[in-house]
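Now, the feature entries from TrEMBL:
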type	residues	note
TRANSMEM	50-71	transmembrane segment
TRANSMEM	91-117	transmembrane segment
TRANSMEM	137-159	transmembrane segment
TRANSMEM	171-192	transmembrane segment
TRANSMEM	204-221	transmembrane segment
TRANSMEM	241-258	transmembrane segment
TRANSMEM	278-298	transmembrane segment
TRANSMEM	304-326	transmembrane segment
TRANSMEM	333-363	transmembrane segment
TRANSMEM	383-404	transmembrane segment
TRANSMEM	411-430	transmembrane segment
TRANSMEM	483-503	transmembrane segment
Amino acid sequence: MDSKIAPADIESVDRATPVLEQGEDAAAAQSDQRLRELGYKSEFKREMSLFGVLGISFCAIGILTGMSSAFQTGLFSGGPLGLFWGWNICSLFMLLIALSLAEICSAYPTMGGLYFWVCKMKPEIPMLGCESLTTGWIYSVAMVFTGTSGNLSVALYIASLAEVGQGRTLTRVEIAAIAWGVNILSGVINTIGTKAIGHMSAFNLWWTLGGTFVLVITLLVKAPEKNSAAFVFTDYENFTGWSNRGFVVLLGFLQAVYTLEGCETAAQVAEEAQRAEVLAPLAVVGSIVGSWIIGLAYMLALLFAVQSIASVQGTSFAIPIAQLYYDAVGKRLTLMCLTVVALAQFMAAVTAFTASSRLFYALARDNAFPMKRRYMALNRFQAPYFGVWTSVLVGCIISCAYIGSAIAFNAILSSAAIAVMLSYLQPIIIRVFWPLTSLSERGPFSLGRWSWPINLASFLFTVFICVLFILPTAHPTTALNMNYAIVAIGAVVLLVAACWVLWGRFHFVGPVKTVEEERAGEKYE
């Protein structure tokens with residue numbers, strides 16, 4: 001075939017390029033207009049496509065990383081039976097939550113996300129004035145803690161690589177030092193700005209798909225013994241000490257919920273996305289659907305390939321999944337598997353700091369955060385760098401807790417999972433109990449007559465999971481195996497309440513309309 005391009009073809013390409021650019025500009029202008037209607041002027045360049053926004057949510061969910069890091073939770077609490085059915089049941093309800101949040105996101109496509117949604121839906125509702133602000137603060141804590149957890153997980157994967165590859169066990173100090181380095185690298189990438197994050201999140205989307213394919217094929221081909229379908233779908237295991245079979249299986253649900261949290265992160269970059277009122281809700285829902293399917297394929301491969309559950313339970317590796325890999329595919333391929341998951345984990349952790357820094361920006365814009373001018377400052381890469389490095393600093397401080405007590409550190413990070421669910425709960429409660437007045441204007445993504453039933457199901461499941469997260473996971477309960485999540489989340493709630501009493505109630509009056517006037521001269525420091 002002749003590869004030469006005719007002059008007419010060149011002319012048509014030249015005409016098409018401006019049309020494409022005009023289309024992108026029109027989409028960005030439409031999103032900017034919607035943002036102005038909500039009271040905010042556009043401060044960020046809209047450089048994220050659907051793949052970028054979808055990748056952000058995929059990064060935040062981190063299906064490979066969440067499944068790998070928490071797999072043992074379900075394996076020891078219900079076994080394959082609990083893992084398979086728990087994954088599908090929880091994925092269904094997390095999809096309902098995603099649909100509920102996506103409908104609100106489409107109506108209010110701003111980077112404030114959960115916080116701003118509560119602000120906008122609250123005025124006609126008899127509710128405490130601090131509700132929206134506490135939502136934002138609790139969610140901020142959750143995002144920083146999630147990023148910190150992810151960065152420590154990267155350090156633990158590196159520790160497992162050292163154990164498998166060199167037979168060297170790293171100390172807690174060394175692991176914490178690696179976590180510091182990963183925290184700082186996350187900060188550097190976020191400081192580079194929107195384009196870097198967009199490219200990384202789009203790359204993570206393909207990395208997750210390709211990585212899952214590689215891991216599934218490797219496990220199924222190389223495992224010396226394949227488990228039967230009866231084992232994968234019906235085998236029950238219990239390493240918890242509890243005798244109630246139903247309760248043990250329910251404890252395994254925590255693995256699925258922990259893995260699937262994060263779909264709402266797309267809203268945090270809504271002001272950096274083209275046609276945000278469409279792309280952001282699609283990313284919220286699409287990330288859950290994709291994670292459900294990808295996670296199911298990966299989980300089935302793990303269950304068919306696991307050689308000994310007792311071996312995984314008694315492992316000395318920093319990450320228990322490393323033992324499963326080692327038993328199933330040997331030393332060399334275990335190194336490959338751990339590397340695939342570790343890189344995915346790093347990208348997920350970077351995304352958490354992306355979300356937290358944008359949320360700090362949104363809160364500062366509304367006088368809901370001290371040092372307003374600093375948290376709203378953007379560098380030449382269009383990054384809210386002060387919020388980025390605040391996240392890094394807090395992450396490094398929390399990582400130090402791991403040196404003193406792994407139990408204390410795990411309690412802090414367990415509170416992040418609960419805080420995320422509590423943050424989901426607040427806008428959903430408003431939609432359930434005030435369905436007619438809470439969403440006076442709808443975006444392109446609307447659930448129509450299914451809105452209230454979906455919100456009700458989401459509300460009931462979220463309440464159930466929040467209770468389940470704080471119940472004891474082992475029996476008999478001792479100081480070493482107690483679930484300290486209730487203590488940690490209680491401390492977070494008390495801290496947020498104290499901040500409201502001492503600072504918030506004097507400064508926060510609701511969203512500030514930056515379209516009408518710039519309040520750059522006001523300082524809340």
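Just so you know, glycine gets a Cβ as well, placed from its N, Cα and C.
These figures come from a predicted structure and were not determined experimentally.
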Using a cut-off of under 8 Å between C-beta atoms, tell me which stretch among 137-159, 241-258, 304-326, 383-404 contacts the transmembrane segment (171-192) the most. 383-404
Counting Cβ pairs under 8 Å that sit 6 or more residues apart, are there three or more between the transmembrane segment (383-404) and the transmembrane segment (137-159)? yes
Do we see three or more Cβ pairs under 8 Å linking the transmembrane segment (411-430) and the transmembrane segment (483-503), pairs being at least 6 apart in sequence? yes
Check the transmembrane segment (50-71) against the transmembrane segment (483-503) for contact, please; criterion is three or more CB pairs under 8 Å, pairs 6 or more apart in sequence. no
At a threshold of under 8 Å on Cβ distances, which of 91-117, 278-298, 333-363, 483-503 pairs most often with the transmembrane segment (241-258)? 91-117
Same-chain residues near the transmembrane segment (278-298), Cβ under 8 Å, at least 6 residues beyond its ends: 48-50, 53-54, 56-58, 60-61, 63-64, 67, 87-88, 91, 94-95, 98-99, 101-103, 105-106, 109, 208-209, 212, 215-216, 259-260, 262-264, 266-267, 269-270, 443-445
Sequence-distant residues near the transmembrane segment (333-363) by C-beta distance (under 8 Å, 6 or more away from its ends) are 56, 59-62, 64-66, 68-69, 110-113, 115-116, 133, 136-137, 139-140, 143-144, 146-147, 149-151, 153-154, 157-158, 160-161, 164-165, 182, 185-187, 189-190, 197, 200-201, 203-204, 207-208, 211, 214-215, 218, 222, 262, 265, 268-269, 319, 321-322, 325-326, 369, 375-376, 383-388, 390-392, 395
